[in-house]
């Protein structure tokens, strides 16, 4: 008979593969940014949220915090490295004002995780209590990672265009949430189950929006190409056109 540990390990490996695909899914977006030498309306929020989420899960998966969680800290350590590359490209191709805001947030995230690790490892002396403390923090940031595209969803609903909500990111988020929820069920881990179950629901909402607005997006793109326009850099408001504000207001929404 196959043991629960073996099944959990296999599901965890599958989860690692899907998570890696999720981390790599924005690559086409950043290729586009690199080619245009501009971040346009793309928001840094998903990458900032994913960065701090991964750092928390690396801490959670350490043997001195939550033993037997190698598959958790290894994939999230990889995620930290990948998100750093994305944010570096975002900094390079952003305007000065947005670049400063993003850099500030990255520094706050790094300092916050370092402080959390120091406090937990020095003041809490059992892995059970460390797991509970870091696990609660991980739930918060994991949910933030999955919910961060809500700001992009607002743009989708407003513009009736999914151009700035990459399909493969939403699809990978759904698969990732399902895989890690299954992993948490086999040997019940509420700290992994809660945020990933929620994440799967957020991803379903994104996929529904994609289905609803896909055709209108294609019509808008075709109309812009016919006029020689590029991107959603100009929106029509009350009958008159204006340039969209490219600054990020700190909560992931484009102001």
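In case you wondered, yes, glycine gets a Cβ from its N, Cα and C as well.
Quick look at what TrEMBL annotates:
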- 6-24: transmembrane segment (TRANSMEM)
- 45-65: transmembrane segment (TRANSMEM)
- 71-93: transmembrane segment (TRANSMEM)
- 105-126: transmembrane segment (TRANSMEM)
- 132-153: transmembrane segment (TRANSMEM)
- 165-186: transmembrane segment (TRANSMEM)
- 192-214: transmembrane segment (TRANSMEM)
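The list of residues near the transmembrane segment (71-93) in space but at least 6 beyond its ends in sequence, with Cβ under 8 angstroms from a Cβ of it, reads 9, 12-13, 15-16, 19-20, 23-24, 26, 30, 33-34, 37-39, 42, 44, 47-48, 50-51, 53-55, 57-58, 60-62, 99, 102-103, 106, 192. The listed stretches are 105-126, 165-186, 192-214; of these, 165-186 has the most Cβ pairs under 8 Å to the transmembrane segment (6-24). In summary, the transmembrane segment (165-186) lies against the transmembrane segment (192-214): three or more C-beta pairs, each 6 or more positions apart in sequence, are under 8 Å. Within its own chain, the transmembrane segment (192-214) has Cβ neighbours under 8 Å at 72, 138-139, 142-143, 145-147, 149-150, 153, 156-157, 160-162, 165, 167, 170-171, 173-174, 176-178, 180-181, 183-185, counting only residues six or more beyond its boundaries.
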